[in-house]
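Trainee: Please see the structure below; I have some questions.
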């Protein structure tokens with residue numbers, strides 16, 4: 001029994017231990033699976049980081065490569081620009097040397113000195129110049145670069161500094177006419193020497209400068225310098241005759257030429273000596289002279305300019321030309337001058353502008369032109385002959401003569417006073433026919449108005465139309481007597497009758513006739529002839545005369561309204577129309593009076 005119980009206990013303990021181990025194993029398996037999942041996540045993240053790193057490295061390398069390429073292009077453009085500028089400067093210097101007649105130096109191959117870092121000239125440390133009073137020492141330029149030295153040996157110019165180059169440069173004097181009158185002692189130092197003999201005696205040496213001795217004095221150096229400069233300028237003048245192009249001469253040069261041509265031979269020789277001492281062809285001012293065209297003419301060409309230039313440039317001097325062309329103009333065209341007071345231009349310019357000549361100005365030119373003759377005067381149209389009728393607007397005045405529309409003369413002063421002549425003379429038959437027969441019943445007011453009109457007719461108006469005062473025409477207005485009730489009624493009826501008149505009749509009555517109103521004697525005779533007329537007959541007779549009186553009174557005011565300051569041009573056609581209207585009015589007035 002005891003053995004079986006022990007076996008059961010052992011079996012139970014094994015089962016218990018087995019369960020414990022199984023539980024631990026399951027926990028470990030779960031833990032391992034979680035770790036494996038974490039490891040896989042980490043691997044994916046690491047792979048992503050590696051890819052990002054690779055992309056960043058590629059971007060960085062590409063950016064650096066682009067930066068290097070851009071920097072390379074920038075440096076390349078800078079180098080090309082610098083080289084191009086150097087080449088342009090070299091070309092400018094070569095053109096200046098050619099224009100001055102100098103030989104080309106070390107600039108046969110301009111790329112060599114630029115690329116080798118040397119322009120063919122030694123550094124400044126090699127130049128040593130000492131001034132010991134009148135003694136001058138010269139030291140040749142040392143060449144350290146063999147290429148530059150070879151180029152220097154091949155070229156025909158030496159770069160040694162002599163006493164002419166060491167001496168400080170004089171200030172350049174302008175070739176002006178004002179300074180020719182100044183006394184300069186340097187101009188008169190070597191007049192007794194003949195420059196042609198000096199030029200023939202001295203040999204022309206370009207490679208080697210004249211050796212300077214220690215015992216030479218200052219005046220000898222100056223004379224030697226003058227000889228050297230004269231030799232160079234003579235050679236340059238021979239070359240410049242073919243090389244230098246002709247430059248347009250400005251008025252400053254021509255003015256100096258005019259004054260020099262008028263001087264004596266002694267003054268011309270002094271000018272040549274002064275120009276010979278002028279340092280206008282030093283290398284410091286050659287570039288400036290190249291850019292300024294009027295300063296580039298040499299002193300050898302100055303005498304040519306003096307001979308060919310005129311005495312003065314004729315800019316506003318047109319009198320000689322007009323004198324030369326007077327005969328031709330008189331043969332072709334007959335000109336008639338008009339006084340300035342009676343003739344003005346349409347533009348209404350100020351009268352001061354008339355003082356200027358009507359001829360065109362001539363532009364200044366030199367004798368380098370092919371045509372030395374003066375050109376003819378230009379006009380914008382054909383010359384005008386004022387004796388012929390003008391082609392402009394015309395007006396007709398009563399004298400039937402043509403008048404230009406541009407005259408200043410007042411047209412009212414030229415009018416023919418026809419009415420004054422008729423009024424001062426014997427009245428015509430037409431005026432007698434125009435007098436109307438007025439019935440006997442006219443009141444005394446008509447007689448008063450007739451007397452006033454007669455007085456006005458005896459005084460002819462001496463003033464023109466635009467100066468007539470309106471107060472003269474207002475005189476016939478006189479206060480009438482008080483009217484009775486019957487007269488007021490009759491006046492109302494007559495006013496309505498005036499409105500009923502047709503347009504043609506009222507229009508005829510607007511024009512005033514001088515002899516329509518009865519005179520004082522006619523009125524007295526009419527009143528005295530019928531003293532015993534009844535009121536009915538008077539009323540019946542007054543009716544037509546009242547109408548005529550009212551229209552004639554209104555016509556006096558229409559004269560004032562009809563006055564206009566503007567003058568109507570009177571032509572033959574207008575006069576014919578006026579005559580026809582007068583005839584019609586006479587016939588109409590005769591019919592009314594009948």
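Glycine residues also receive a Cβ, built from the backbone N, Cα and C atoms like all the rest.
These numbers come from a predicted model, not from an experiment.
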Trainee: Check each of the ranges 157-177, 178-198, 199-219, 220-240 against Swiss-Prot and return the one annotated as coiled coil.
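Mentor: The range carrying the coiled coil annotation in Swiss-Prot is 220-240.
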Trainee: If you check Swiss-Prot, which stretch out of 519-549, 550-580 is marked region 'Disordered'?
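Mentor: Residues 519-549 are the ones Swiss-Prot records as region 'Disordered'.
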Trainee: Scan 38-61, 62-85 against Swiss-Prot and say which stretch is down as coiled coil.
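Mentor: Comparing 38-61, 62-85 with Swiss-Prot, coiled coil matches 38-61.
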